[in-house]
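Report on one structure; see the data block that follows.
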Amino acid sequence: MARESWASRVGFILAAVGSAVGLGNVWRFPWMTAEYGGSAFLAVYLCIVLLVGVPGLLAEFVIGRRSKRNPAGALARLAPGTKSWGYVGLFGVITALVLLSFYSVVGGWILRYFAGSFTGSYFAEPSAYFGRISFGAEAAAFQVVFLALTALVVLGGVRGGIEKATKVMMPIIAVLLAVLAGWAVTQPGAGMGLSFYLNFDPTPIQNDPIGMLRAAAGQALFTLSLGVGTMITYASYLGEDNSLAFDGSVISVLNTGVGVLAGLVVFPLLFAFQGGLTEVTAGGESGAIFMGVAGAFREMPYGEVIAVGFFGAILFAALSSSISMLEIPVAYLVDEQGVSRRSATVGLTGLVLVTGAICAFNPGIFDFVASTLVDLMLTAGLAGFLVFTGWVLGKDALSEYDSGAGRVARALGTPWLWSVRTILPLFLLVTLAVNLYALL
Ligand code: PFF
Ligand code: NA
């Protein structure tokens with residue numbers, strides 16, 4: 001049977017944007033921004049997205065399109081004579097399963113808040129509500145539903161499932177968030193939220209430069225779905241030669257745009273209706289955004305309607321990302337082990353039901369996975385992909401990059417390869433070392 005592929009270039013771009021735009025933009029990003037001091041974090045994060053994220057994205061695209069394989073198969077096949085590089089790809093496959101285990105917990109929360117928005121059931125006591133639903137049997141139950149929805153899309157295959165679903169979901173997310181942001185920034189009191197978010201204040205960088213750098217680097221990789229092999233896998237379904245550099249830039253711009261837009265919803269809401277980053281939100285805890293936003297919905301007219309739009313958008317964003325996580329191990333089993341898509345999807349979902357339940361029942365494990373382990377794994381993974389692209393593929397990477405690229409993109413090819421060989425892996429390895437050191 002022929003390997004699956006995207007029906008169109010737009011389908012590929014939207015699926016990749018779907019993977020990138022997710023809880024990272026609307027939940028993890030405001031959480032990190034609040035914890036690391038607002039605008040300063042935004043600035044550092046944007047720099048890293050541009051200087052490390054975009055080149056890293058292109059490296060994954062090059063590996064994927066050249067090999068037409070899942071990450072493990074891709075690295076093994078492109079490095080003839082040695083099996084070892086395949087393990088770097090396999091590490092990505094495992095990372096995807098780890099990611100999905102915690103991500104689906106948050107996906108379950110979103111599902112729960114979405115359902116509760118119709119009646120406003122969580123409005124009355126936001127903190128108590130979040131405390132009740134966030135971990136334990138109820139959390140696991142909603143996580144199961146979220147995983148089932150994810151599996152349903154992946155079962156449909158590359159064209160019939162992922163491409164179709166993301167083509168519907170992405171425009172809806174953009175419209176909903178744009179409308180919400182337009183409304184939020186015009187609320188009385190929103191201005192303080194905007195200035196926390198947008199007025200550059202370097203003090204937080206001076207106070208804890210290393211911590212800021214670690215968090216911003218981790219978030220930059222997370223937001224673009226890098227270091228796992230999602231983008232390798234999605235690019236492996238490309239047929240014709242599109243400009244990887246152009247598509248990668250579009251994807252990064254849209255992802256950043258949605259992230260900034262989400263910030264324009266969340267921060268004005270918190271400041272206009274909750275008096276800012278209160279004790280609840282300032283501590284930088286994972287549930288802070290939920291409590292803050294829930295409290296804001298209670299205070300505003302037609303809060304239910306706005307809440308449905310808000311959590312509906314986030315639910316779509318979360319699903320279009322979780323399907324990209326599940327697709328990596330599915331592609332691995334299909335490509336390398338000859339398993340059918342159906343069995344692979346069912347089997348892997350069963351596995352994540354178990355590993356995911358561990359996260360849903362243990363807040364400590366969840367926190368460690370969501371904020372520490374994931375940063376480590378993504379950083380290590382992307383460093384591996386970059387070294388592979390720069391040193392194993394070398395000139396071949398450049399010709400893959402060039403194929404389909406326009407004049408501007410071609411001119412940037414050589415500096416791209418140079419940075420992929422040297423400065424970028426170095427940056428990631430230093431980040432990794434600092435992350436490990438912080439664990440001691
Ligand atoms: N980029 C997604 C987000 O911002 O929510 C998260 C993500 C998806 C990370 C897929 C990694 C991945 F492979
Ligand atoms: Na993202």
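Keep in mind that glycine also has a Cβ here, set from the backbone N, Cα and C atoms.
The transmembrane segment feature in TrEMBL is assigned to 12-30, 42-63, 84-115, 135-156, 168-186, 216-238, 250-273, 305-334, 346-366, 372-394, 415-438.
Below 8 A, the CB atoms of the transmembrane segment (346-366) and the transmembrane segment (12-30) form no more than two pairs separated by six or more positions in the chain, fewer than 3 in all. The transmembrane segment (250-273) and the transmembrane segment (135-156) are not in contact, since fewer than 3 Cβ pairs between them lie under 8 Å (pairs 6 or more apart in sequence). By the Cβ criterion (under 8 Å, sequence separation of 6 or more), the transmembrane segment (135-156) is not in contact with the transmembrane segment (12-30), since fewer than 3 such pairs are found. The stretch with the most CB contacts under 8 Å to the transmembrane segment (216-238), chosen from 12-30, 42-63, 305-334, is 42-63. Touching of the transmembrane segment (12-30) and the transmembrane segment (415-438) is ruled out by the presence of fewer than three CB pairs under 8 A, sequence neighbours closer than 6 excluded. Sequence-distant residue pairs (6 or more apart) of the transmembrane segment (42-63) and the transmembrane segment (305-334) include fewer than 3 whose Cβ atoms are under 8 Å, leaving the two stretches without contact.
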